[in-house]
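Student: My structure is below; once you've seen it, I'll send some questions.
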Amino acid sequence: FSMVTFLLRPVGILYLSSGLLGTAQMNQVFLTPSHMMNRKVGLNVEGSSFTLDGSPFLIIAGTIHYFRVPREYWRDRLMKLKACGFNTVTTHIPWNLHEPRKGWFYFTANLDFMAFIAMASDVGLWVILCPGPYIGSDLDLGGLPSWLLRDPKMKLRTTYRGFTKAVNLYFDKIIPKIVQLQYGKGGPIIALQVENEYGSYHQDKRYMPYIKKALITRGIKVLLMTADDGAELTRGHLKRGTISLYFLPILMMVYTASSLDGWGTARQSVDSHLLMRDVREMFNMSFSLNFYMFHGGTNFGFMGGSASLDHYLPMVTSYDYGALLKENGEHTTEYLTYQEFFSSSLAWFLFLSLPQPISSVKPICMENLSVNQGNGQSSGYILYETVITNSGLLTTRGHLQDRGQVFLDEEFLGVLDHFTHQLAIPRKMVYNVYPTLRILVENQGRLAYGKDINKERKGLIGDIYLNNSPLREFKIYSLDMKTKFLKRDLPNIWKPALFKHQGPAFFLGILRMGNDPRDTFIKMEGWTKGVIFINGQNLGRYWNVGPQETLYLPGPWLHPGSNEIIVFEEFKSGLEIHFTNTSHLGMVFWRVNL
């Protein structure tokens, strides 16, 4: 049994999913509840990253409290969480609502948390559950039932016998319901939080070990975590087998969208630009994330608690909380911003996987490169890179063979080919720091016959001009896509890919096969243009302009167990890959930027 303590700073990985037997969507790999058939170790921590059943996994979670949302709207809110790019929902279980009178338990209607969790799984979301007994969450008495205070000697959140006796009876009721929804049982629960921010309370050093034992002895086997503010982390975490999740950096980041509104105070606002800056920074550092709240909902009835800051501060009925969804479930502008953000790439043009470049004053064509023991480059792609000092008109004068994508730093400018010989570089894109011009040229195949076969050199076969002046001082990268190139550096720098990616990138997929691999066809629906490799074999090109729609994958090139698929996508990745006539068990994709 393992347990972990989460720090409010993410780790882990972005990921993409393939369809099982070519039918399921690929927006969350085979790392989705419906695709994970053969479950073993579940969520774990390896080094500074999360893994799910051994595969790298980035948690992108948002908190929704089922008890603050009408049951009729649960599915709508969960689907909006999924549509925004999140893969996990975090929710808390309020003891005081489930046992408002001692020994009287309610788990129906809006308190049917089992139905909420099952619905999350059906939508395609994993679940991190916070069962308490204390959950905070700005509830009356932090979610503890007020009848506990009938005991004049009561010491809440300690190992005081009167408190632990009540906790044990409560856990006896709810934990068996949770056990059957755990990852290992086929459910979506991948982690459980032990208590909540105990470091700021810390009245009894025996209390947290007691809660941990109470969970484990009742059958909890998923990863356990604690949550605390960074300053209180050392007092609130469990030393052995836990992840600490806190509000300053380490394993996972819990991001609070806003501060609370109390009656008689000014409405608190959230700086969306600052928030997005923080999230971008987290993702650039590959940290996992929990957004509190994704959807706040409403403090129906008298469930809202109070705070004690400079004075007593009772909470307002609305729990809007500056969340990405409004109290009534409508999208905020921030929601749309995050949806777009999660669907794009951050700092994607890193060129981490490229071999050592060849330096040259002038462009060199593929055939004349000093590679392959002096034989030049035969096929594939070639990348030219140079620094420019001015904006203006970029022209090829027919010297680009056959098709080139043009980038200025990370910005895509357009395509140059047999029909398009010039592109404009806007003045606004050339800053004080001189930008790098990159041209990724594809060899689309040399002429098979005719008198012009003598002219079939590829890449940049002569000068390329900016405002009629030839560009100079190039770095040239040979991207022949041979097995040696694909195996060279990529395995060490894969970065899981979660959503559609814009720009040239490699995708690594592990295709799991049964004992009898057979011929199949691959359909790259939603992808744009690129090349596919299976176990080192180049299957060939795909391109959404047609007419070909599938690629043939011979059964003998597959083997039982894991098969490595690498996709080089030039423009924009899709969200699914379809396979036909195969019994593969699923696939997970990682990405590395060109």
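The backbone N, Cα and C atoms fix where each Cβ goes, glycine too.
What TrEMBL says about a protein is an automatic prediction, not a curated fact.
Just lifted these from TrEMBL, have a look:
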DOMAIN    49-229  domain 'Glycoside hydrolase 35 catalytic'
DOMAIN    249-342  domain 'Glycoside hydrolase 35 catalytic'
DOMAIN    376-480  domain 'Beta-galactosidase 1-like first all-beta'
DOMAIN    504-563  domain 'Beta-galactosidase galactose-binding'
SIGNAL    1-19  signal peptide
Student: Over the span of the domain 'Beta-galactosidase galactose-binding' (504-563), count residues by DSSP class, listing helix, strand and coil in order.
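Tutor: Helix, strand, coil within the domain 'Beta-galactosidase galactose-binding' (504-563): 3 helix, 33 strand, 24 coil.
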Student: From the DSSP assignment alone, can you count helix, strand and coil residues within the domain 'Beta-galactosidase 1-like first all-beta' (376-480)?
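Tutor: Across the domain 'Beta-galactosidase 1-like first all-beta' (376-480), DSSP assigns the residues as follows: 8 helix, 48 strand, 49 coil.
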Student: Averaged over the whole of the domain 'Beta-galactosidase galactose-binding' (504-563), what is the pLDDT?
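Tutor: When the pLDDT values over the domain 'Beta-galactosidase galactose-binding' (504-563) are averaged, the result is 86.
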